[in-house]
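Peer 1: The region 'Disordered' annotation in TrEMBL covers 216-239. Positions annotated as transmembrane segment by TrEMBL: 6-36, 72-92, 112-135, 147-165, 185-207, 275-293, 361-378, 390-411, 431-449, 526-545.
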Amino acid sequence: MSPFVILAVGVAVVLVLILGFKINAFLALLTAALVVSLMNPLQQSGEEFVPAPVGEKVTRVAAEFGAAAKNVGLVIALAAVVGTCLLESGAADRIVQSFVRLLGIERSPIALLGSGYVLSVPVFFDTVFYLLVPLARSYYATTRKNYLKCLCAIAAGGAITHTLVPPTPGPLTLAENLDIDLGVMMGIGALIALPAAIVGLLFGSWIDRKMPVTPGGGGQAGVPDALPGGPESGTTLTARSDDTLVSGEAADIPNPDAIDAAHIHEANPPGAPRLSLWLALVPVLLPVALVGVKTTGDTYLRNQIGVLKDDGLVARDLDPGAAESAADALADDPANADPAVAEYRARRDGPVGYARVFGDPNLALLLSAAVSLFLLWRQRRPSREAIGRLVETSLMSGGVIILITCAGAAFGGMLKEAGVGKAIADAFGESSTQGFGLLGLGFGIAVLLKSAQGSSTTAMIVTSGILADFVTGPDVAALPFHPVYLGTAIGGGSLVGSWMTDSGFWIFAKMGGLTEAETLKSWTPLLTILGVTSFATSLLLAWLLPLT
């Protein structure tokens with residue numbers, strides 16, 4: 001059976017179940033993975049496709065699901081705890097206040113952009129939007145201008161890092177599928193996200209002049225005279241239990257004017273010690289720093305593997321993983337006294353080994369979660385029971401996201417087993433699947449999937465699964481750039497085509513108080529601009545800074 005037929009049926013199953021029958025995204029993606037596996041008579045063995053035993057058609061779906069859970073499950077669960085603690089402790093509020101105070105009330109849109117950009121790394125996009133929209137409304141109540149610009153600033157800063165910077169589920173799983181070092185994905189993703197966010201803010205300024213709107217213009221209540229926690233005091237909201245960019249359905253959206261005091265968490269409540277900006281940033285920066293140290297250590301080790309290749313001790317045509325395994329085999333032989341091997345052994349068992357332990361994403365996020373819980377205890381002095389309930393709620397929300405993410409990975413894995421990647425290469429020709437053509441292909445596939453079913457996360461996971469063969473294994477050495485640029489191109493594509501199938505569309509509309517028509521004229525082109533800009537920046541950096 002043609003791989004394209006299998007692909008079409010699989011995507012159709014997802015669309016019909018999510019959009020037609022309103023089935024949960026986890027069940028829809030898992031069903032699609034099973035359908036694709038049952039339709040596919042082959043399995044991948046190395047570079048070849050061989051007949052698959054009938055009895056393994058279900059177990060291979062479970063195997064792909066389990067592999068994804070092993071790679072991303074702990075990170076997502078711990079990130080959910082970190083995000084909730086940042087909100088409940090007031091650390092997120094402190095970060096927002098610092099941006100506003102640094103830039104001043106007149107530059108609040110820039111402060112909201114920066115706040116969204118930073119907070120969407122550890123906190124899910126919908127929660128960040130709930131957190132910052134009251135500040136946009138309060139800013140309008142004070143200045144009577146630039147309300148839509150503020151909304152676009154929040155959306156631009158939050159959406160771009162949500163799709164380009166781990167540990168949010170989409171870029172995290174994408175990095176695993178494409179075998180991209182997490183530290184590299186964080187660094188390059190943040191670098192590419194920055195100009196896209198700035199361009200998004202410029203678009204927000206333009207659309208605000210062309211189509212000025214006010215809070216409540218879409219049917220919500222009018223502008224309050226003073227919202228709780230305006231720019232002077234800051235406001236945070238309790239964390240939600242879902243990732244709105246995972247599911248194609250709109251979540252239940254609260255009335256922004258109905259936020260009561262129980263949902264407000266100031267950075268410095270009466271009697272609590274003052275929370276400094278740097279302390280508030282520790283849960284965000286700690287995992288980034290630790291994973292960055294691991295990435296540096298890996299680079300230090302790979303440089304020595306290059307020496308082993310130059311000396312003819314390791315074959316040059318091996319992919320990075322196989323080359324490291326070959327080098328390990330040499331280093332594990334105590335009788336091998338070659339100086340280059342001895343140096344590799346010293347690096348591996350010395351500083352690089354420790355960097356890999358503490359820079360492991362699972363341990364890095366666990367340490368970040370511990371710091372976050374300490375901040376919560378320091379600022380709120382909750383009971384042990386309250387902390388237990390908060391962690392339990394966070395883990396439940398993370399569990400839903402893990403299920404959806406791993407089901408998406410299983411679906412992508414089954415498409416890979418069906419030979420969809422090879423079929424695309426044959427259909428588009430070698431020039432489209434090598435070099436810069438591969439970036440365009442990844443961007444285009446992600447755009448199609450995003451437009452069809454509304455989920456950025458699903459678009460990233462499935463697209464990266466389809467194209468994984470082009471950037472993993474021996475073929476990666478032929479790429480003129482680092483695979484991370486394919487990851488950011490896919491992430492950019494997953495933003496394009498956001499409309500009524502995307503729950504982010506409804507979050508922006510209902511929380512912002514916009515009509516559907518106003519949202520189509522602002523949110524949809526904004527995300528398209530973010531995606532296209534990040535894709536263009538990926539192309540530029542792949543040319544100027546290939547990292548090969």
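Note that Cβ sites are derived from N, Cα and C of the backbone, with glycine treated the same way.
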Peer 1: Please tell me whether the transmembrane segment (112-135) and the transmembrane segment (431-449) touch - that is, whether there are at least 3 C-beta pairs under 8 Å between them, with each pair 6 or more apart in sequence.
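Peer 2: Since fewer than 3 Cβ pairs under 8 Å link them, the transmembrane segment (112-135) and the transmembrane segment (431-449) do not come into contact.
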Peer 1: Same chain, outside the transmembrane segment (361-378) by at least 6, Cβ under 8 Å from its Cβ: which residues?
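Peer 2: Residues packing against the transmembrane segment (361-378) from afar: 74-75, 78-79, 81-82, 85-86, 88-89, 91, 122, 166-167, 182, 272-273, 275, 279-280, 282-284, 286-287, 290-291, 387, 390-391.
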Peer 1: Going along the chain, which residues at least six beyond the ends of the transmembrane segment (72-92) come within the CB cut-off of under 8 Å?
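Peer 2: Cβ under 8 Å, 6 or more out: 119, 122-124, 127, 131, 166-169, 172-173, 176, 234, 236-239, 265-269, 272, 275, 279-281, 283-284, 361-362, 365-366, 368-369, 372-373, 375-376, 378-380, 390-391, 393-395, 397-399, 401-402, 405-406, 409.
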Peer 1: Do any residues of this chain, six or more beyond the ends of the transmembrane segment (526-545), have a C-beta under 8 angstroms from a C-beta of it, and if so which?
Peer 2: 152, 155-156, 159-160, 164, 188, 191-193, 195-197, 199-200, 203-204, 207, 436, 439, 443, 447, 480-482, 485, 488-489, 491-498, 504
Peer 1: Taking a Cβ cut-off under 8 Å, which residues six or more beyond the ends of the transmembrane segment (390-411) line up next to it in the same chain?
Peer 2: 10, 14, 25-27, 29-30, 32-33, 36, 61-62, 64-69, 72-73, 76-81, 83-85, 88, 169, 172-173, 176-177, 239-243, 246-247, 373, 376, 382, 457-458, 461-462, 465
